[in-house]
Amino acid sequence: MTKKNLAICSFCGRSEKDVEKLIAGPSVYICDYCIKLCSGILDKTPTPAAQEVSTSQTAPQTSLKVLTPKEIKRHIDSYVVGQERAKKTISVAVYNHYKRIRALMQDKQVSYGKSNVLLLGPTGSGKTLIAKTLAKILDVPFTIADATTLTEAGYVGEDVENIVLRLLQAADYDVARAERGIIYIDEIDKIGRTTANVSITRDVSGEGVQQALLKIIEGTVANIPPKGGRKHPNQEYIRVNTENILFIVGGAFVNLDKIIAKRLGRTTIGFSEETDLAVTDRDRLLAKVETEDLIAFGMIPEFIGRFNCIVNCEELTLDELVEILTEPANAIVKQYTELFAEENVKLIFEKEALYAIAQKAKQAKTGARALGMILENLLRDLMFEIPSDPTVESIRIEEDTITQNKSPVIIQRSPEAIA
C-alpha cells in the first residue's frame, strides 16, 4: 500500500498534520501560522496603496505658510509693477487654494473647490513673474512648462506628466512638498483647437493635449517615471497626487479681444457708443472675457472648466515700464548699477533716458521682456572695458544715448584719485 505524501508549507516547512490549516495555491502551500506572521508584518509596513493615499494626506503635515490675500499681494507688489486687478484676484485664489489644503489637513467636513488660475495678457505683461513670485512667497516648489512642447500620449514629444516630474525635481524628489507646489504652463493659447472639425486631421498638440492635461489639473495620482521620457512596461514609477498642486496657465490669446467684441456687439444693441469704445480697447475687452469666448477661441469646454479664476494682465503703460526699470526689489537698473559699483564706477540714468528705454521696449511689443535686452546691448561694451580702466569715475546715460545711439557720457577720475 502506497503511503500518502504529506503536503508541507512552502514557507516554514511544517507538514499538514502539524498545523491547523494549510491553504493550497498553484504548486505552493501556506499554513495558518505563516499567514498570521505575514499579516503582522503588513500591519506595520504601509502597502503601496496606503502609501499612495497617504502622500496627499501627509503633505500638508509639513509647515504650510498660509498668508492672507493682502499679505500675498503686498509681497507680489515688491516685484510686479501694475496689474492691480490681476494681483488681487490671484491673491484671493491662492489664499483659498492653500486654505483648502489646510482644511483637508484638519479633516474638515466642508471641502473647497480647487482654485486653478488662467492668466490672459500680452507677452511681457508679468504673467510668468507673478507665478514665480507666488512660489517664492509661499516657499513651495515651482516649475514652468511650455505648452507648445507637449503632445498627447503616443506621439513624438513631451508627455504632460513630465511637467509633474519637473516639479518633483524642483522639490528634490520630496513627494510631499511637490504635492503642494505650483506649476505654471506658458503659451497655453497655442494648444487651442485650430479647426471646428477636429476629426478630419489628428490635432497632436491641440485638443489632444488639452484632454491629456485635464486629469492632472483636476487632480489625479500620476505615475511619474523618475528619469522622465516615455513610459514602458516593468518600469518603476513615483506616484504623485496632483489634487493639491496649484496650476496657473498663461497665454497671450491674440485676437481673443475680437471674439469678445463680436459677442458684445450682438448683446449690446442700443449701446453702440460703449461698444465702439470697448472694441478699440483690448484690455477693457479682455476684462469682460467669458467662458464662451475662450471656447470660440479653440479651448475645449472641459479644459476651461478646470479654471474657476480667469484674469487679464493688461498691457503695460510707459510709466509702468519705467517703474519696472527702477522700483521693484530686483529692478534691472538696480542690478546694473550694482554691477558697475563693484568696479567703483557710478552708473547714472537720466529720467529722459529711462522713458526712451521704455518707449523702445513698447515699440518692440514684448513688454517688460525687452527692457533687459535693451540695457544689455547698451552696456555690454562698457562692461567689457571698465574692469580694465581705473580712470572712469562715472557713466551717465542720457536720452540721446538711447534715441540717437550716442555714446554715454563718461566722467574721468582726477589724476590724484587714480594715484
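Keep in mind that glycine also has a Cβ here, set from the backbone N, Cα and C atoms.
The Zn(2+) binding site feature in Swiss-Prot is assigned to Cys9, Cys12, Cys31, Cys34. Neighbour list (Cys9 (Zn(2+) binding site), Cβ cut-off 8 Å, at least 6 residues apart, same chain): Ser15, Val19, Leu22, Tyr29, Ile30, Cys31, Tyr33, Cys34.
Spatially close to Ser125 (ATP binding site) yet at least six residues away along the chain are Gln83, Cys313, Glu314, Glu315, Leu316, Gly367, Ala368, judged by Cβ distances under 8 angstroms. Taken from Swiss-Prot, the feature ATP binding site covers Pro122, Thr123, Gly124, Ser125, Gly126, Lys127, Thr128, Leu129, and the record attributes it to sequence analysis.
If you look up Swiss-Prot, you'll see 1-50 marked as domain 'ClpX-type ZB'.
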Cβ neighbour count within 10 Å of Cys31 (Zn(2+) binding site): 24
Given the binding-site residues Pro122, Thr123, Thr128, state which is nearest to Cys12 (Zn(2+) binding site) when distance is taken between Cα atoms. Thr128
Close in space, distant in sequence - Thr123 (ATP binding site), Cβ under 8 Å, 6 or more apart: Ala252, Lys365, Thr366, Gly367, Arg369
For Cys12 (Zn(2+) binding site), the number of neighbouring Cβ atoms whose distance to its own Cβ is within 10 Å equals 13
